[in-house]
């Protein structure tokens, strides 16, 4: 590594400093907002159904029709997929910093606009909400490749995995915050504007004040994003982009000297001629890229795609769990705000017990046992637990065994987060060349969101009962939850197999992984160890 740029070598060897933690917070608050915005909608969809699709004297409260529910919940995922591809590409063309602020502004504006979706007709309200949720997702999509790339390019090689994982772990706190905000808002409104359970008066329309609850919950997502904007704009461009892509090693050294306690003056001019002679300047669609990184990109896209099918399909049996442990009584026995409160409480407890711990296990262990081991272990454990839930599914539904069902469910998603849900975000930010890093991360993340759409909606239909009398209103018959869980177990096993295409990046510099700024033409191989 004697030919490596001095500024990049200094970054790799720099001690962990306060600025590293500042960068984690700045990038992590973006992910906090992303998760809040993506997951809070599921808390208020029941409330939207009661407000805008109330049928007078119906035995059941109003609910969103299947196509409307799919649109409200899924349109942000579609926007996220598009944003990951577009902003990933733009981050390599214009620089990480310049694009980073655009995504945040989009998120702030669309969070506020989502809550201001007013109209006289339910159709117009939902259409306007979906329009702004799409563009909110578009901004969120940009945060994936940019946050991961920025953090990987700032970090030293010893703790890089933990730093990127810490940014991603803020997603857990975002999900938790969504539940807490909905808890506080619905409890406050329910206390001030109490209403009887639906079953006591089915002809009663939803109280007008309930319309404020979902709007406040959605708009709150603008606050953490807005607070972070100033600090994002103060961050300098990453040294790796400036030195390797913009070809300005002197500026890279000056930028990093301002924020990190490293001395770069003596080395800042040294590598410019070598950098310009770098033979490793190939494009995304070149034969050279296909030869050196084609299998890596196949590995990162397929594993993220397969993981998100399983991860976003959790709504298949979330209802069973909430009902089994009596967190969520039948809808007709609750008022609209009481139902919103109990859904928020259930999701908050699931996040606190099953979601957040897994993320932070990854932060602690990733630079010790490596990305490959964590990802392979996670997929294998998810496969085991999915099959363990699936084959004796009728056994778990019996009342004496319901606690076991909840434990198995929690462990499945603990190993998703202490496993591929974290590593599929980290690895694409490390193993691709600087000039293509954001693009390749965006492609990998977009594949993941395609999997999320399949998991959240394809399996929602597939998991419907084979018996037409047992399906949810508006849904056709499916293969049943048991068979859906068996298919998900097989998908997780495929994820474990495709993990073999993903190389181990623990303890290596980014330039060592990609072969950049070296005279030879060797890059990383496909070996995971």
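Each Cβ is built from the backbone N, Cα and C atoms, and glycine gets one as well.
Automated prediction, rather than curation, is the source of TrEMBL annotations.
Since we're looking at a predicted model, the values are computed, not measured.
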Stated TrEMBL location of transmembrane segment, expressed as one of 349-366, 511-528:
349-366
Scan 465-483, 484-502 against TrEMBL and say which stretch is down as transmembrane segment.
484-502
Decide whether the stretches the transmembrane segment (442-463) and the transmembrane segment (403-422) have at least 3 CB pairs under 8 angstroms, with pairs required to be 6 or more apart in sequence.
no
Under 8 Å, at least 3 Cβ pairs, sequence separation 6 or more: does that hold for the transmembrane segment (162-189) versus the transmembrane segment (372-391)?
no
Which listed range (21-48, 68-87, 349-366, 484-502) shows the maximal number of Cβ pairs under 8 Å with respect to the transmembrane segment (372-391)?
484-502
